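Here is the structure we will look at.
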Amino acid sequence: MDDFRGKVDEVTGKRSMKELLIGTYDMKYLCKPVFPYFRKSKGVPPPMFFGKDDFLGLFVALVMGLQHALAMVGGLITPPLLISNLGFGMRPGTSPPVPYSSGNPAETQRYLVQAALIVCGIMTFFQVLGVRIWKTNFQFGAGILSCMGVSFTTVPIATSVIGQLMKEQGHTFEEAYGMFLGTIAVCGIIPVILSFFPIRVIKKIFPPIVCGITIMMIGVHLIGAGFKNWGGGAFCADNWQHPPAPKTCYLPAKYPNGTSYMQQSTQCWVGPGIKCGDPTKTEVFLPFGSQEYLGLGFLVFVTIIFLEIFGSPFMRNASVILALLFGYLIAAVTNYQGKKYVITTKIEQAPGITFLWTTTFPLGFYGPAVIPLMIVFIITSIETVGDTAATMEASRMAVDTEDGTRRIKGALLNDGISGIFSALATSLPLTTFAQNNGVISLTNVAARQAGFAAAFWLFLLGIVGKIGAWITTIPECVLGGMTTFLFANVIASGIKIIINGDPLTRRSRFILACSLALAFGVELVPQWATLNLWPVTPGMSPGLRGLRDAIILVISTSFTLGAVVALILNLIIPKDASAPTADNLELPELEAKDIAVTDSNHSSSESEDASTKKAPGAVVASRQDEHV
């Protein structure tokens, strides 16, 4: 009993009950809005810094954890929503219409959202915990305030693979998704293997320019999905025109002498086509791009900007989800000609509590997706290295030490295990999220207690069935206004990696130009690689067909093609010879010392030493001036 009390005293530090519950954090700083255009308003100074193992108090830990969860949740729910949208709709040319999904696609969508939240909560707990592996110098998890989220990088591959399996091979959505999950579980071993390699080897093979191009093109690809939702929905965006109809129209034509004119025709595709709207969550059905849809999405987008300018630190950290809630509220209280934008049937029918595996998918394997997924896992591994290092820097921890290297490798190992576990738990693979670094910097809190609280909130949001059902009732246009901003952030992250990596020399600009030329080309014109580059022939063997599908999938996906081209060019193009510039000219030893002294911040004693060294340096500089 005494030992137990000793442990309790060690954890609590014999703190008062008020300190145990509320802590010592300055909540005024966290909650006070900012008015940047009033010069007299200086705001509240940031509170003291809380390190990795500092004590927060129960209430403060829960508030900080909620901030991290809210900063992530917008990005967490987007991939499962986009993927599950593939299950809606009917197979073309079937009579009566045959749905893509063998079950209830709305219920499947709710489950996938909640499974993603539950898995993120579980794996965030292990990421923050950082368990040392017995009798080794490795650990599982980073052991810092670093959270796990569903990776955006798998969304383009998933939509392409699942769509191909459903439309070309006749699988249901459940079968296609199960095959994709099985392939993810196999490829998830890649980050596990990379976690045992030296970090410098990984960075040398996959430099920042390769990773930056890949991440940027992922964002470019996803922007299209965001805009489709913003306009009303992906399905109506792809079918916004009617088939040929007897309506008279005019098409461009030419006379024999080459003169152009408009010829009357009845073979025109005209809009509007299929109207947007899911009858399970709305009563409003409008053509794609209607003013009402664009206005609701724009409201969300502008709200994010408003909160970034005027919001308190808490509101800025949670700006994405707060803007989504505001847009949802406006959509819920308004109507179109007496019809509601939001109906709550799904929420009423959803279970109170749910968990993983309440809905299952038949696991399979799809060989052509292996190479693209290998590229995805390698890129996310490199991203994890950078994100974990950034989290350690924000937490005021040393990175280039044995402890820092072990934590980065622990994060990589957690990425791999999370990818395997999430696939078996019917969710898309996870990766280390970078959003939390901004929260740490803004709040001055790097305590792991906030990370454990974030894991608790994510897990709680996942198991409450009504929350998942509510998420699936968000109108597509409201969701599109939010996801467009998120996907643009992915593009910005890729650009930042390129700029902060190697200098943009002639060599790196050449690699960048070649990679982006092909990547943007297939992004804008995907049929360039899918129609006649390698046609499928009747006598093609299954093995050759699998190889053909894998190659076409790599070439027709913009970010995988860009990554492969950048990787190959980075390996075969020789390094630039360092040209003599003002930054790398060899200076006389005396002058170099002078520059080093004048460019550094020293104490008063060091300043005195600098003054004694400055005179010879000044003589050298004056002699150079005279020479010039």
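Yeah, the Cβs are placed from backbone N, Cα and C, and that goes for glycine too.
Automatic, uncurated: that is what TrEMBL annotation is.
TrEMBL lists 596-628 with the feature region 'Disordered'.
Taken from TrEMBL, the feature transmembrane segment covers 55-77 (among others).
Long-range neighbours of the transmembrane segment (111-131) within the same chain, counting only residues 6 or more positions beyond its ends whose Cβ lies under 8 Å from a Cβ of the stretch, are 72-73, 76-77, 79-81, 83-84, 139-150, 354-356, 358-359, 407, 410-411, 414, 417-418, 421-422, 425-428, 430, 432, 448, 451-452, 454-463, 465, 467-468, 471-472. Annotated transmembrane segment per TrEMBL: 111-131 (among others), in sequence order.
As annotated by TrEMBL, transmembrane segment applies to 143-165 (among others).
Marked as transmembrane segment by TrEMBL: 177-197 (among others). Residues 83, 138, 154, 158, 161-162, 165, 171, 361-367, 369-370, 373-374, 376-378, 380-381, 384, 409-410, 412-413, 415-420, 422-424, 426, 428-429 of the same chain, all 6+ positions outside the transmembrane segment (177-197), place their C-beta atoms under 8 angstroms from a C-beta of that stretch.
Taken from TrEMBL, the feature transmembrane segment covers 209-227 (among others). Sequence-distant contacts of the transmembrane segment (209-227) (same chain, six or more residues past either end, CB-CB distance under 8 Å): 82, 152-153, 155-156, 159, 234, 375, 379, 382-383, 480, 483-484, 486-499, 501-502, 508, 511-512, 515-516, 519-520, 523, 557-560, 562-563, 566-567, 570.
TrEMBL lists 293-311 (among others) with the feature transmembrane segment.
Annotation comment: TrEMBL describes 318-336 (among others) as transmembrane segment.
Nonlocal intrachain contacts for the transmembrane segment (365-386), taken as residues 6+ away from its ends with a CB within less than 8 angstroms of a stretch CB, comprise 151, 153-154, 157, 161, 165, 179-180, 182-184, 186-188, 190-191, 194, 199, 202-203, 206, 211, 214-215, 408, 411-412, 415-416, 419, 429, 431-432, 434, 497, 546-547, 549-550, 553-554, 557, 560, 563-564. According to TrEMBL, the feature transmembrane segment maps to 365-386 (among others).
Annotated transmembrane segment per TrEMBL: 450-472 (among others), in sequence order. Packing against the transmembrane segment (450-472) from elsewhere in the chain are residues 56, 61-62, 64-69, 72-73, 76-77, 81, 106, 109-111, 113-122, 124-125, 127-129, 144-147, 281, 346-347, 349-355, 436: each is 6 or more residues past its ends and has a CB under 8 Å from a CB in it.
The transmembrane segment annotation in TrEMBL covers 478-498 (among others). A Cβ distance under 8 Å defines the sequence-distant neighbours of the transmembrane segment (478-498), meaning residues of its chain 6+ beyond its ends; these are 74-75, 78, 81-82, 152, 208-209, 211-220, 222-223, 225-231, 296-301, 304, 320, 323-324, 327-328, 331, 386, 434, 504, 512.
The transmembrane segment annotation in TrEMBL covers 510-530 (among others).
Residues 153, 156-157, 160-161, 164, 206-207, 209-210, 213-215, 217-218, 220-221, 367-372, 375-376, 379, 507, 510-512, 514-516, 518-520, 522-523, 526, 528-530, 533-534 of the same chain sit 6 or more residues outside the transmembrane segment (550-573) yet have a Cβ under 8 Å from a Cβ within it. What TrEMBL lists as transmembrane segment is 550-573 (among others).
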* Compare 55-77, 293-311, 318-336, 510-530 by their Cβ pairs under 8 Å to the transmembrane segment (143-165) and return the stretch that comes out on top. => 55-77
* Structure fact -> Same-chain residues at least 6 beyond the ends of the transmembrane segment (55-77) with a Cβ under 8 Å from one of its Cβ atoms are 13, 15, 19-25, 27, 30, 113, 116-117, 120, 145, 147, 149-150, 152, 314, 317-318, 320-322, 324, 433, 435-436, 438-439, 443, 445, 447, 449-458, 461, 471, 482-483, 486
